[in-house]
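J.: This is the structure I want to talk about, given as structure tokens.
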Amino acid sequence: MLLPRWFAEALLLLLSILACSNAAFIGVNIGTDLTNMPPPSDIVTLLKSQQITHVRLYDANSHMLKAFANTSIEVMVGVTNEEILKIGRFPSAAAAWVNKNVAAYIPSTNITAIAVGSEVLTTIPHVAPILASALNNIHKALVASNLNFKVKVSSPMSMDIMPKPFPPSTSTFSPSWNTTVYQLLQFLKNTGSFFMLNAYPYYGYTTANGIFPLDYALFKQLSPVKQIVDPNTLLHYNSMFDAMVDAAYYSMEALNFSKIPVVVTETGWPSSGGSDEAAATVANAETFNTNLIKRVLNNSGPPSQPDIPINTYIYELYNEDKRSGPVSERNWGILFPNGTSVYPLSLSGGSSSAALNGSSMFCVAKADADDDKLVDGLNWACGQGRANCAAIQPGQPCYLPNDVKSHASFAFNDYYQKMKSAGGTCDFDGTAITTTRDPSYRTCAYTGSLNANATNGNFPPDALGPASPLGGNANARIIFSYHLPILAPLALTLLQLLLQHDRLL
């Protein structure tokens, strides 16, 4: 039987509400422009250990998607900016993309969203006219695969498409983009999807020339004389983050669209910058992300939409040290490329307290590494690198098996554990790799291991090298949690509507 139009619209509205009615979550963006990118399996192990349940990928990397299989972690995949033109012009290209990058992995991998491009209007404006077509073609391909209710489609937008975001109540989208934005919003409304927004208070603060105080950008409490108030609505804004999200809601209302949920697909704060980037500090980054997590997980929306939580993805998991541009561009991550924490980051109210430190990441020899190169690396680690190699001497707990890969792994790891917080890497001329799997065995405990049954012998731990200059980051903790949704009332509403419809037939 065909459902009447009113019921179809109610169903779409309910599905849209369901998509964002869960208790708010904090996710992370995973960029890959870094040296010594950890293997996907190790990244997933790390995410699971910290109870991170939502991630955004900037493409649809097959190795990453396979690693996320059977984890329940919700994955947002990306159509790259370079792929949009072809997908927008050819429905067959969209179908092929969905079949290859989404349908092939579901249900094992929990793909729940597709981000079509990133900041398309402001970075590749010549593609803007075809963006709506690309969105529709991807959605039609999902419909054909019966995945349109599970996987939502949208396109992340920059704050730059709103020229004057303050006061939020008067914010509008740039008139030059009204046609494209209107098409986007109509698509989001029709498909029950959400508006993806990249909102960076760091840039809002640094480009405002002192108009707004730093504390406002960092979620810090302002004194009564510095309170930020919208003069038109008299709504108080305790953070620039909330004002940015509300600016998006008001901009949508200006085009007669309401209740399309905003999901912040990128936000964060750089931990280091150049001489002209004074606000990019470890202290500010730690403060921003710590307060951001608390803000998002209080499960409320911005002042104009208090009942719509702000699901948010932190930018980003790793410092992408290969990125070009200002120093800050390479320092948005909460982890260094070698896996150590940039600063302590914790989430109050979570049940996990697992440490993100040396005990969760080890450095070992690659299985296919050349033995001659391993010998060179082993000699360097135990010599100039000043690793503690006493445990791999004859008669000691880690001497057997007596082969170069085993000995090199122990030496590489000891050096790595001691020096990573000071910038030491796990490379050794391409012969080493990081892993979250503890390589300890029998009575041989690798440095950083929590294996109480193994021992590295009763000898001075610094027999062949000094203690590592580990700083406060060595025991830094990052804790993420996820509150389970309470969907029963909404599900009941849907059921009641369906029963009423049946009785009318």
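Placement of Cβ uses the backbone N, Cα and C atoms for every residue, glycine included.
Here Swiss-Prot flags 1-23 as signal peptide, drawing on sequence analysis. According to Swiss-Prot, the feature N-linked glycosylation site maps to N70, N110, N178, N256, N298, N338, N357, N453. Sequence annotations record features per position, and here Swiss-Prot assigns active site, proton donor to E119 based on similarity to another entry. Taken from Swiss-Prot, the feature active site, nucleophile applies to E266, supported by similarity to another entry. Annotation source Swiss-Prot lists disulfide bond at C363-C426, citing similarity to another entry. The GPI-anchor amidated alanine feature in Swiss-Prot is assigned to A474; the stated evidence is sequence analysis.
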J.: Would you identify the secondary structure of C363 (disulfide bond) according to DSSP, in three states?
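T.: The three-state answer is strand.
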J.: So among N178, N256, N298, N338, all listed as glycosylation sites, which is physically nearest to N70 (N-linked glycosylation site)? Use the C-alpha atoms.
T.: N338
J.: Within 10 angstroms of the C-beta of N110 (N-linked glycosylation site), what count of other C-beta atoms is obtained when all protein chains are considered?
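T.: The answer is 18.
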J.: Roughly how many angstrom lie between the C-alpha atoms of the residue listed as 'active site, nucleophile' and the residue listed as 'active site, proton donor'?
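T.: Their Cα atoms are separated by 11 Å.
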J.: Going along the chain, which residues six or more apart from N256 (N-linked glycosylation site) have their CB under 8 A from its CB?
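T.: Sequence-distant Cβ neighbours: none.
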J.: I need the nearest neighbour of N338 (N-linked glycosylation site) among the recorded positions E119, N298, C426, using C-alpha distances.
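T.: Out of the listed candidates, the nearest Cα belongs to C426.
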J.: Run through N110, N298, C363 for me and report the recorded positions whose CA is within 10 Å of the CA of E119 (active site, proton donor), in sequence order.
T.: none
J.: Measure from the Cα of C426 (disulfide bond) to the Cα of every one of the glycosylation sites N110, N178, N298, then give the nearest.
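T.: Given the candidates N110, N178, N298, the nearest one is N110.
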J.: Just to verify a number: CA distance, N178 (N-linked glycosylation site) to N110 (N-linked glycosylation site), in angstrom, no decimals.
T.: 34
J.: Any idea what the Cα distance is from N110 (N-linked glycosylation site) over to C363 (disulfide bond), rounded to a whole Å?
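T.: Rounded to a whole number, the Cα-Cα distance is 30 Å.
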